[in-house]
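First up is the structure itself, then whatever we jot down about it.
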Amino acid sequence: MSQVPVASPASWSSVASAAAAAVSAATSASSSLAASVDEPAATTATAATASYADERNPLIALFDGLLRVVLASLNLIRILATFSTITVPSLVYAILHYSLTLQLNFPSLALLFLTSLISAFIWLRYRHLNKYERLREVPITRDEGFNLNPDVASPGGDNDRGSFHNYLDDFLQAIRIFGFLEKPVFHELARHLQTRRLVAGDSLSLDTDFSFYIVIDGHVQVYAPLPSATASAVGQDSVEDEDDSGYQLLNEVESGGTLSSLFTILSLFTEDVKLSFDDHDDPHLAPPHPAYPAMDRLNNSSAANHLGRGNNATAPTSPYSSAFNPPSQTAAQLQLNAAALRNVPAAISTEGAVERLGGSAAVRSTSKSSHARTASSGTASATVQDGDTSTIMDPLEQNDDGVTSSLYHAPDLQMPPAQAAAPFSHFAPSYHPSPAGTPISSLPGSTHSPYFRGRATSIHALHEAAGGPNTPGSILSAMSSSAHGHYHPQADYLPRQGAGTVARATVDTTLAVIPAEAFKRLTKKFPNAAAHIVQVILARLSRVTFHTAHKYLGLTKEVMRTEKSINDLACFPLPSEFYEKGGMDKLRHRFLPQPNSKRETTVDDDYFRDFQEWTSISQRSSTPVPGSKDDTKDAATSSPPKVRIASDLPSLTTSSKQSNQKPTSSRISAARTPWGHPDPPLKTPTARNMVGPGDLLSMASLSQDGWYTTGFDMHSAQPTPRAKPRSVSKLEPFHGPLPHPVDDSTDGTSPLSGASPIPIRKGSSTMYHQGEAIGTDRPFANIGLPHFDIKNEVMDCIAKSIGLAQAAHSPLAPSYQASPHINAQDSLLQRSVFKSAFGSLSMLDAAMAEEESSITGTNSSMAGHGHSGFHPSDFENEVEIKFFPAGSTLVKAGESRAGLFYVIDGFLDVLLPAEANELEEEDRLKPNMNHKSAKTDASSGSSRQNRPGSHRKDSSSASLRAGLLDERNLREADVSLPQRRGTEADRISSNGDGNSGSVHRPAMREGSSSSTSYGTPAGLRKKPTESAKVGNALDGTGGAGSSSRRKPSHVSSGSGATTMPRHPDATNSNMAFTAKQPVLHPSLHQQQPLRGKPSQQSSQRSKDGKRSIFTVGRGGIAGYLSSLLGTASYVDITAKTDVYVGFLPAHALERIMERRPIVLLTLCKRLLSLLPPLILHIDSSLDWQQVNAGQVIYREDDPSDSFFIVINGRLRAITEKTNGIEVHNEYGQGDSVGELDVITNSRRRTTLHAIRDSELAKMPSTLFNAISVRHPAITIQISRIIARRVRTELVRSKQEGAALGAPIPGLPDLGRNNLNLKTVAIVPVTRQVPVIDFAAKLQTAFDDTIGGRAIFLDQSSVMGVLGRHAFSRMGKLKLAGWLADLEQKYRLVVYVVDTPVSSAWSQTSIRQADCVLMVGFGDEPAMGEYERLLMSVKTTARKELVLLHPERSVPPGSTREWLKNRPWVHAHHHVEMPGLTGSHAGAAISTGGDPKAVKALRNLKQKLETSLQRYRKTMTPLSASGRPHHASDFARLARRLCGMSIGLVLGGGGARGCAHLGVIRALEERGIPIDMVGGTSIGSLVGGLYAREAEMVSTFGRAKRFAGRMASLWRFASDLTYPVVSYTTGHEFNRGVFKAIQETHIEDMWIPFFCNTTNITWSRMEVHTSGYAWRYIRGSMTLAGLIPPLVDEGNMLVDGGYVDNLPVTVMLAMGARSVFAVDVGSIDDTSPRAYGDTLSGWWVLLNRWNPWSDASKIPSIPDIQGRLTYVSSVKTLEEAKKVKGCFYMRMPVEEFGTLAFGRFDMIYEKGYKAAVELLDGWDAEGKLPSGTEREDFEDDWEDGDEYEEYEVYTDDESGVGGGVRKIRKKRRRTRRKAGISARRNSI
């Protein structure tokens, strides 16, 4: 075991000594900095000793180390104590005792101070004063390429066919032409669907049957025969492929197209409809047998064809009458004749066509016997008397070959053709042939019974006696069905080109066929559906064919010839006894002025006061009243019942003996009158001095129902069914005594009984006094007509003329449910049944009730089954008897809803407007031409004017006016009252009495408890025209009557009248025979026209270029086509002589047509038979296309095979580029597209797509070529259209080429394409937006500013009209048709989206809109739910943003937040809406979020405004609080939507621009609103200041402060720099602009603003509409050399005046209609210079001091450079002066320098005075736009009329602001009242 050794004491001592040595060594080492190198041995020894000691004892080493550490610490403490107590105090002491001496002189101190000041200035300059440099936001760009690209909106939306396409799709597409079809109806057609295969080259005669052909697969060409005259020419020198075929290519039909003309379908539906109805259709009166059978006439030799022409004694046969040459033609031959007529080329006269039909001696013989003609060898004209024809052809009219046709030549104008119905039997024709020149009446068998009304021998009675012409059928079928073998082959009479249209398949083609039997079965099984199809076809005819022929092809004359033929066919004058017994004289006496007007009226007053006295005087010179004992006995013994049903009364109640008695004056030779009227010489009434106004108020039946007295409740809105009348119809002839049906249901007094006077109606006034009781109820009793009611007689004649009186097939079993049932809800529409393709689809609502479905309604008059006679008990007689002096204009071309004018006596001229006028008007009105059809019947039922009383001394110049307006008419008329200016007839014959005053008289009788008190308009009082002063040439009177015009309340124009406000208690009351008159202010009658008289101007225009198409005489009807088709009038209708007419308003005619489709069927029958072949060919080739929103119609570089006419909807033409798309133009209603490409045979230049669902008329180029061959005049018409289109594009390209070359997308079309907007949708951003209140204020603005020609629709209004199923799948087609109808009636249709996002109305509104207005709060830029809906719909319509603000201020940059997230917004508008609570700003104001101090200031402001308001009333014409209506933001928006904005463009000129402030002040004082502002240079600054808040005070202050800064020489000097780029740095200039504009963005400005600059980097002009305003205003003011160019995104911008100093074209491109352009530029010295070929500068310098030298005129280098820079600007300035709508204002401030800002006040005052003078001058001329003028001034009136608006006003109580302003103010007030009424009845 090992043991541990223990150290001895000696060893411990050694260890300790070693440790001590180690510590001492360590201490010495720490004290010394380094060991000595000389002692290595000692160190080694010490270390060895230490290690030895450590090795010896570790404890000793430890203690030794500790000891050394303690010692080292003590040493350190000693050192620190020494440093702190000795070293530091010594150092401090040394520093404190140190001294330094610095010596500086004053220059050194000044330099030091300046250095410090400059350093501080630089620090502030670049740190704080250049804050504007950091405002560099990039302008907002709009991604229009994405937004407007149709491929994005509707991929595959064009006609590309998918792989799953089949023939059923084509079939469904083709039958859309029939409108909406219910499922059983569709199945009925589909059940008969067949297919037919055509091999390439096969031909198909489209006239062989009436089947409906649809091309399913393949390609078919349609040909029409060439005219014989042109066929040879084409054969000799042909440009077509079909050189010698004799046919012309009309159309090329591809898959999905139709081959058949819709007229073939119409012919099936009208087989049993007669062309006209006469008394001889009744079985009681069998017509005489014809002299020749029809077949025998067709079998005669062709040599007799020229018999008519060879006969010098008779004029040629009327073509239309010859075409239907009964009396006993067979149906087959009638079909042949009609079909051949339809296929006769237009180049051949219609007479020649008849010759080709079958020219036999019998034809001519019968023709001669059927048409009495008078001849005169000494004259070049002949009177054409086709029995009862009511037309006189123009003697100078030529046929299509250019050769004057003998058809249009007649002898001297001796009498109207309708005088066959006059009481002169020697003018009456007969059935029997007579020798030439022999009076027909002298022949045996001629009928003279007055009951026959002279119509017994009319040509239409001839062929109607045989049942009327049947449907135009197939030529082949007619040949096969000819009876008795008397028919010669048609080839003997018709060349090959007359066979009709032929279809030829170019490739193997498959056709889908709906056979004719299917439509026949449809007619019998579903008559209501068939009626609907007829309506749709008529709609297509009117809206496509007639529209194209009239508006585009210039074939108005051809269309109106059809109306002339209809007048020839259906002429029904009044009974002859009315004329021969003095009825006409009594009627004329009715319009004489009242001689005893001072007498107070009583309840016994009647129209025929002192009638016996007049009768005694009249009978002295008139024929004694014919009568007999039977007459007396009949009148004395007959006791009519207490209630007389009108249908039970014959038209003329005379005995049979009386009927057979010839008038004693019938043998007297006709007396010549100046206008050819053969009036009997003994029937001239007493002479009169004037013709006064008035109305034939109540000639007989003054009952509450208008026609008869029953228990009908006038409070009912719709007529109730009457009791079933007797089988003896009113139109049925009567032999024997007058029947008196017994009616015990009432104890009232019949108006015909004469037992008691008519009760007085409250609220009405009369113009006549009642006479004795004997004449009260029988106005014609004293002249032998005791039961004659002229209103009923006129209505009977109108009913027969329009086909309403179709006789029943069986007189023993008349049907009384002859038309589809129309419920009350459908009748509320009060609209035409044919205006739209889907109009009056009553079966849609009825489909919800089985008993009203078109499937179950089997009794329909349209099918020809159960035709009942005309029963007036079914309708309310609304005929108005009116008088028009010679020269009056009843209807002007372009007017809608004119109504029917039945001529009682006199002549009406149907005039074709002058071609030059049309072209000029089209050029002038092209942007706004599609609203002309927006007219209503507001004035057609207007109140009639009373006969002038004794209160006016100038009654000699009383107007000859008469009109009616009852409350029911008001209720219907108010639907569209604001948008209609009324027909010419209404302006002449209604509401006004020339210069005469008016007096209220007691009512005639008591009506319903709430009779209307509607006052008639107080119109302009004009001097009588020359024609009116002549008086009635018929009776020799010299009554002076004014033919002044009148416009309804919303139109203030030439002779317009301002309608008085409706009485609040006015309700339903039939005022058919009540006259009304307003109380007019005396000052009205003292107003003198500013320009010429409209009637004289109209007469002058008529002399200048209007051509007469035909004349309408007695028994004729004017306005037939336009009224029944619901289109605007194609012609002017004027009074050729003093004329008395029966006027049937449009709304009354609409109700008749809704209940009796037979009227439309009769029209269809007549159109089938009488339309010229040219029109039929056009109709067969025109394609009616319905395209969906976004659908591409054609693309760029496609072949040009057709062009399009927009019927409804909107199209956009674009071209695609690398950086997006370029919008070229937008086309609205009435515009044509693509004809330039077709005519030039070039490829499409643009891509055309539909913005929304649209209707188009497509005209193929082949049709155009064919028409050009047949009608060369069309080529000229199209050439003019092309030339105008090219000229317009060239002018626009010149104007916009330099001005609109801006890189900002969307600026060129920012407002150019809003001029013809038709539909606008108001869509809220979120549901919290008060869109209803917004729409109400906007509608008020429309009414107050532009006349309210807009209708606002919301869901409730639409459902109220169309029912709760309006938005269902079934009702969509009906809704589309109704909306399209509204577009034609109104200038603007506004859809208000007031429903949830998911509703159908929201989507419908967006899809139907041309422009979408997104309405949101200005301080809430978040995306709303409706915006997401808008994006999902993918509409390509323009989208504009409306930001609502509670006050007129916009926080800077807030608008940018809206726009940067919505690149699809095209424009934005700031609108002030006081009381707005939905936004954050409005909530902050209303909830008290402001501090107490702000609240106190607001309260003080309100108190001050309230206290100052009483003083302001005497200073301003505005009585309402807030801004003027015309200056409000809503009015600005309304003008924007209608394209009537007023712009202000301010030019550049340095300090001379201070005159701009004076111009703005003058405009504000005159009340002219400023809707947009633009400027250049100093004009951009002044314009920007005004646009910021639209307030003059702040603008003036800020502009004056800027001028003060610029006038400071110190500031200018402080900004000088070394002139490398410019003389100044531009900082002071920038600072001055920024201080004036602040941080406002251009998009934040309240009024739309722009400024232009010149980009010298790219050498172009730029227009700025977004970004910081100060930057671009400064850039626009950058004068090169004085200020450095502004750098914007790398481009250098200088003064915009270098390119365009007055950017008028930019303002027009933004949508302004009128522009005030203010020029303050300097005028350069243009005097000649002469200084030789060389020039020494030294010589110039020396001679500048020589006063006799011309050296001062030598320009310097800066002058030469300045003139060079403004070369382009001078050219654009001259062009701007010539721009239409530009009011150029040159300010006389040339003497002031460019930098003369110190003369601010002088320049300002000079500009103000100059502006006032200019405005006064324009105001005196009537050219000054005010923002409140009616839009249809320019659209519908001539230059002489538009300025007379200033004379239309009512009394003004304020008495301030006289002259024009006073009148305007009152005009606005009156218009507002009318607008309120219209808004109340907007639907």
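Easy rule for this one: first residue shown is 1, then count along the chain.
The backbone N, Cα and C atoms fix where each Cβ goes, glycine too.
Here the structure is a predicted model, which means the values were calculated and not measured.
The active site, nucleophile annotation in Swiss-Prot covers Ser1577. Counting Cβ atoms from all protein chains shown, Ser1577 (active site, nucleophile) has 29 others lying within 10 Å of its own Cβ.
The nucleoside 3',5'-cyclic phosphate 2 binding site feature in Swiss-Prot is assigned to 1166-1285. Leu1211 (nucleoside 3',5'-cyclic phosphate 2 binding site) falls within a strand when secondary structure is assigned with DSSP.
Marked as compositional bias 'Polar residues' by Swiss-Prot: 311-327 (among others).
According to Swiss-Prot, the feature compositional bias 'Low complexity' maps to 372-383.
Annotation source Swiss-Prot lists compositional bias 'Polar residues' at 650-668 (among others).
The compositional bias 'Polar residues' annotation in Swiss-Prot covers 936-948 (among others).
Residues or ranges marked as compositional bias 'Polar residues' in Swiss-Prot: 988-998 (among others).
Here Swiss-Prot flags 1084-1100 (among others) as compositional bias 'Polar residues'.
Within the model, the domain 'PNPLA' (1544-1708) shows a mean pLDDT value of 93, rounded to a whole number. Sequence annotations record features per position, and here Swiss-Prot assigns domain 'PNPLA' to 1544-1708 based on sequence analysis.
Among the features that Swiss-Prot reports, region 'Disordered' is placed at 284-327 (among others).
Summarising the annotation, Swiss-Prot assigns region 'Disordered' to 355-410 (among others).
The region 'Disordered' feature in Swiss-Prot is assigned to 618-693 (among others).
The region 'Disordered' annotation in Swiss-Prot covers 716-764 (among others).
Taken from Swiss-Prot, the feature region 'Disordered' covers 921-1069 (among others).
Annotation source Swiss-Prot lists region 'Disordered' at 1084-1108 (among others).
Residues annotated as region 'Disordered' in Swiss-Prot: 1852-1883 (among others).
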*Can you tell me how far the Cα of Arg1166 (nucleoside 3',5'-cyclic phosphate 2 binding site) sits from the Cα of Ser1577 (active site, nucleophile), in Å?*
68
*C-alpha of Ser1181 (nucleoside 3',5'-cyclic phosphate 2 binding site) to C-alpha of Ser1577 (active site, nucleophile): distance in Å?*
58
*Could you tally the C-beta atoms, other than its own, that fall within 10 angstroms of the C-beta of Ser1181 (nucleoside 3',5'-cyclic phosphate 2 binding site)?*
25
*At the level of the C-alpha atoms, what whole-angstrom distance separates His1271 (nucleoside 3',5'-cyclic phosphate 2 binding site) and Ser1577 (active site, nucleophile)?*
57
*Where does Arg1166 (nucleoside 3',5'-cyclic phosphate 2 binding site) sit in the DSSP three-state scheme?*
helix
*Pick the one among the binding-site residues Arg1166, His1271 whose Cβ has the fewest other Cβ atoms within 10 Å in this structure.*
His1271
*Between Ser1577 (active site, nucleophile) and Asn1241 (nucleoside 3',5'-cyclic phosphate 2 binding site): CA-CA distance (Å)*: 47
*asked:* Taking DSSP as the reference, which of helix, strand or coil describes Ser1181 (nucleoside 3',5'-cyclic phosphate 2 binding site)?
replied: helix
_Other CB atoms within 10 A, centred on Asn1241 (nucleoside 3',5'-cyclic phosphate 2 binding site)_ = 9
*Which of the three DSSP states, helix, strand or coil, fits Leu1256 (nucleoside 3',5'-cyclic phosphate 2 binding site)?*
strand
*Among the binding-site residues Glu1196, Glu1226, whose Cβ has the fewest other Cβ atoms within 10 Å?*
Glu1196
*Sequence gap of 6 or more, C-beta under 8 Å: which same-chain residues meet both conditions with respect to Leu1211 (nucleoside 3',5'-cyclic phosphate 2 binding site)?*
Ile1193, Phe1204, Glu1226, Tyr1227, Asp1231, Val1233, Leu1248, His1249, Ala1250, Ile1251, Ser1254, Leu1256
*Three states by DSSP: which one describes Ser1577 (active site, nucleophile)?*
coil
*Sorry to bug you, but what's the C-alpha spacing from Glu1196 (nucleoside 3',5'-cyclic phosphate 2 binding site) to Ser1577 (active site, nucleophile), rounded to the closest Å?*
41
